[in-house]
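Enquirer: I have a structure I would like to understand better, so I am pasting it below and will then ask my questions one at a time.
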Amino acid sequence: MRLDVVTIFPEYLEPLRHALLGKAIEQGILSVGVHNLRAWTNDVHQSVDSTPCGGGPGMVMKPEVWGPALDDVAAGTGPAATVSDLESSAEHKRNLRPATTNGDAEPLGEKAGGVTKPLLIVPTPAGKPFTQDMAERWSTEEHVVFACGRYEGIDQRVVEDAHNRYRVEEVSIGDYVLIGGEVAVLVMAEAMVRLIPGVLGNQASHQEDSFQDGLLEGPSYTRPRQWRGLDVPDVLFSGNHAKIAQWRREQSLARTKKIRPDLLDSVELSKADRAYLDGLEL
């Protein structure tokens with residue numbers, strides 16, 4: 001997978017070098033390019049924002065900066081072609097198309113010459129809620145681009161125009177407002193990259209995660225068996241795999257009912273699941 005991130009704070013994406021994502025980079029499973037939006041400015045102050053039309057507080061990020069930036073990242077041209085990746089691979093440039101010469105990027109179909117448009121993800125509190133299903137779907141993408149907004153956001157025309165070169169999704173990681181999109185990018189990038197085969201040492205690790213079956217994951221324990229007067233449940237030492245699986249399912253159901261009962265409406269429940277839930281007193 002190729003990830004490109006456009007931001008005015010490239011250093012904010014430093015965590016992408018570390019832990020499992022860093023390992024994926026080392027193994028060649030993932031390559032990452034972090035692009036400074038100011039590379040596409042034309043004034044001495046490297047301005048990326050202006051006052052909002054119609055008045056109001058804050059500043060809006062300028063289309064004449066964002067447009068060329070996204071054009072170049074999609075095509076692997078301009079400043080995007082010279083950025084230093086977080087690793088040495090340049091595999092993402094093999095199937096990218098040259099820029100047009102008139103300053104306007106050429107619209108492409110969903111596929112052009114057998115090449116699928118990159119996926120552009122725009123973090124915004126006005127977007128669709130980010131879910132595990134999205135992470136699963138995105139984990140199969142070849143090229144994902146994140147556009148990190150700041151201030152009052154990016155001029156909406158940038159998003160509309162980007163459909164000519166990208167498949168675009170506006171996504172929110174929660175019902176709250178952050179200073180910029182960088183934190184959301186770190187969240188979403190980790191959520192999807194960990195699902196790529198070979199990134200996790202044990203593939204079963206994510207198959208048993210919270211939300212994989214629509215439920216919250218139950219509690220986890222390790223040794224010692226007793227700690228500060230608290231015991232690991234006996235069933236986990238029983239050696240009876242069927243009973244352990246049943247206990248884990250019931251713990252997952254109980255936690256979901258207590259913390260996120262809304263999730264139960266979209267989960268396929270067995271008769272045994274329903275009977276267990278009906279008997280719970282929370």
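Cβ atoms here come from the backbone N, Cα and C positions, even for glycine.
OK, Swiss-Prot features for this one:
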REGION    77-114  region 'Disordered'
BINDING   Gly149, Ile173, Gly174, Asp175, Tyr176, Val177, Leu178  S-adenosyl-L-methionine binding site
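What does the local environment look like for each feature on the list?
Expert: The Cβ of Gly149 (S-adenosyl-L-methionine binding site) has 25 other Cβ atoms within 10 Å, all protein chains considered.
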Enquirer: Report the member of Gly174, Asp175, Val177, Leu178 (the binding-site residues) whose C-beta atom has the most other C-beta atoms within 10 angstroms.
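Expert: Selected residue: Leu178.
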Enquirer: What whole-number value in Å do you get for the largest C-alpha pair distance within Gly149, Ile173, Gly174, Asp175, Tyr176, Val177, Leu178, the residues recorded as binding S-adenosyl-L-methionine?
Expert: 17
Enquirer: How many neighbouring Cβ atoms, not counting its own, are there within 10 Å of the Cβ of Ile173 (S-adenosyl-L-methionine binding site)?
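Expert: Counting Cβ neighbours of Ile173 (S-adenosyl-L-methionine binding site) within 10 Å gives 20.
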